[in-house]
Amino acid sequence: NHCSGHGTCNYCRNTCACYEGFGNLATDTLEGGAASADCSQMTCPRGRPWFDATLIRAVAHADQECSGNGACDRGTGVCMCNAPFTGDACQRRRCPNDCSGHGRCLSMADLTEEGAAEPLTRAANAYGPDDVEAWDAQLTFGCLCDSSWPVGLGSGETQVAEYFGPHCGLIRCPSGDDPETTVNEENCEGKTPPGGAEVGAAGNKCHVDCANRGVCDYSRGVCSCFTGYYGDNCAKRDVQAPGGQAGSWIKKVSKKKRNK
């Protein structure tokens with residue numbers, strides 16, 4: 001078939017040497033090892049598979065069409081990826097729900113350079129691009145969630161982001177200091193962040209949803225305060241609350257009377 005116009009014919013051997021992207025090149029075999037002898041079928045981009053049987057000792061993740069994570073459309077040479085994989089060769093994982101529109105989808109290698117990525121690490125101890133050796137460093141992706149406040153371990157930074165969850169689909173409630181304690185729960189100096197190994201510097205902040213005096217609706221970022229507490233962060237208390245002061249209640253009532 002004159003190699004279907006997609007290769008060079010060896011008339012002595014009656015075989016085709018297919019052009020890149022077609023047929024039976026040694027690096028572009030079809031599924032099951034079969035080859036398109038006449039170069040009539042297209043091959044798909046290749047990548048390192050996530051799951052494969054080791055055929056050679058000490059060698060794993062050998063290149064496969066569509067990285068073993070999808071099927072090749074022989075008519076177009078395009079990979080049809082299985083969820084949650086994406087890329088021209090189905091070589092990388094998608095971020096959950098594309099980070100819900102509240103975050104950035106970054107590779108594991110890129111996340112190591114982000115100071116706000118969890119677990120929090122000081123810049124001096126963070127990994128850089130030259131330190132990444134894992135085979136899937138550019139294939140495993142995760143969300144770096146958005147925040148209206150700076151995130152980190154330094155002064156003026158908070159140890160958690162405003163949006164959170166693997167898909168960044170949850171939002172924290174307003175923070176506040178618990179009115180029933182003598183310590184400042186929002187002070188994170190010397191405290192270790194979730195999953196971290198270092199501690200906050202002087203002036204570092206902890207986020208305390210609803211001041212521990214209410215329940216946070218993380219789908220909306222709104223507090224439902226316990227009885228006797230009020231405010232958008234539930235940090236204010238009435239006389240009915242434990243430790244409430246009659247003076248503050250009297251002032252509120254007096255103000256209402258004056259307004260009348």
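Any Cβ shown, glycine's included, is placed from N, Cα and C.
Note that TrEMBL annotation is computational and uncurated.
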Problem set entry | Cysteine from Cys216, Cys234 that TrEMBL links to Cys225 by a disulfide bond | Cys234
Exercise. Of all the disulfide-bonded residues given, Cys206, Cys216, Cys225, Cys234, which residue's CB has the most CB neighbours within 10 A?
Worked result: Cys234
For this session: Could you give me the DSSP helix, strand and coil counts for the domain 'EGF-like' (202-235)?
Result: 3 helix, 12 strand, 19 coil
Exercise. Taking all residues of the domain 'EGF-like' (202-235) together, what is their mean pLDDT?
Worked result: 97
